[in-house]
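Chemist: Structure below; questions to follow.
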Amino acid sequence: MKILLVFDFDNTIIDDNSDTWIVQCAPEKKLPIELQDSYEKGFWTEFMGRVFKYLGDKGVREDEMKRAMISIPFTSGMVELLNFIRKNKDKFDCIIISDSNSVFIDWVLEATNFHDVFDKVFTNPAAFDSDGHLTVENYHAHSCTRCPPNLCKNVVLVEFVGKQLQRGVNYTRVVYIGDGGNDVCPVTFLKKNDVAMPRKGYTLQKTLSRMSQNLEPMESSVVSWSSGVEIISHLQFLIKE
């Protein structure tokens, strides 16, 4: 019987947003106004497709993007947390569900040697085309009205847990570690034994505290954190139970 740990990536594992960080590769480290203004709410993945095309057209190559990506610092205590999980892989399964993309996450996990900690990564698929431009696609289509069209993290989580159950893997609880608005949907579907772990001072934590003030029901417990070391303490408590 294992505990399932679910991680967001941007502003959770890494201490920034990979999509906005890559703009450092642009000429003068900024995007033209008309490109910035082309973003439509809910269509971030399409917007990033245009950003990657712009970078490619400006001659920004894969190795330059990779150098920028692997320079993003990890969130405080996250290296310690991932090492702790690695040492206790018999007790934890660990997945990432992220609105970033497969190339960025791959680069970071490879550079930091943390690939083995994660059993699966669910994110928008990305690849370099024959022109050397990075392209990105929506992760899936779904019918959740609360989430952007490219990714409902709750749908991904429910499908993963269901598939694991068919393989005979039953989790004692789910611990969800995230920060953003797109983490609200999966967190509100967590059950009584589960734990929502929002990063202090970020959208997810603010939303959850507003929900509790409005007495909106939530089954899981909520434990906020600002360092991965605090998450280790809570996981140690859970595996002793």
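For all residues, glycine too, the Cβ spot is worked out from N, Cα and C.
As annotated by TrEMBL, active site, nucleophile applies to ASP8. Sequence annotations record features per position, and here TrEMBL assigns active site, proton donor to ASP10. What TrEMBL records for ASP8, ASP10, ASP179 is Mg(2+) binding site. The substrate binding site annotation in TrEMBL covers ASP19, ASP99.
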Chemist: Out of these binding-site residues, ASP19, ASP99, ASP179, which one has the fewest other C-beta atoms within 10 Å of its own C-beta?
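Modeler: Lowest Cβ count within 10 Å among the binding-site residues (ASP19, ASP99, ASP179) is ASP19.
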Chemist: Taking only same-chain residues 6+ apart in sequence, whose CB is under 8 Å from that of ASP10 (active site, proton donor), what do you get?
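Modeler: When sequence neighbours closer than 6 are ignored, ASP10 (active site, proton donor) has ASP16, ASN17, SER18, ASP19, SER98, ASP99, SER100, ASP179, GLY180 within Cβ distance under 8 Å.
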Chemist: Determine which residues of the same chain, besides ASP8, ASP10, ASP179, have their CB within 8 A of the center of the CB atoms at the recorded Mg(2+) site, and list them by sequence.
Modeler: PHE9, ASN11, THR12, ILE13, ASN17, SER98, GLY178, GLY180, ASP183, ARG199, TYR202
Chemist: List the residues of the same chain that sit at least 6 positions away from ASP8 (active site, nucleophile) in sequence and have their Cβ under 8 Å from its Cβ, in sequence order, or write 'none'.
Modeler: ILE96, ILE97, SER98, ILE177, GLY178, ASP179, GLY180, ASP183
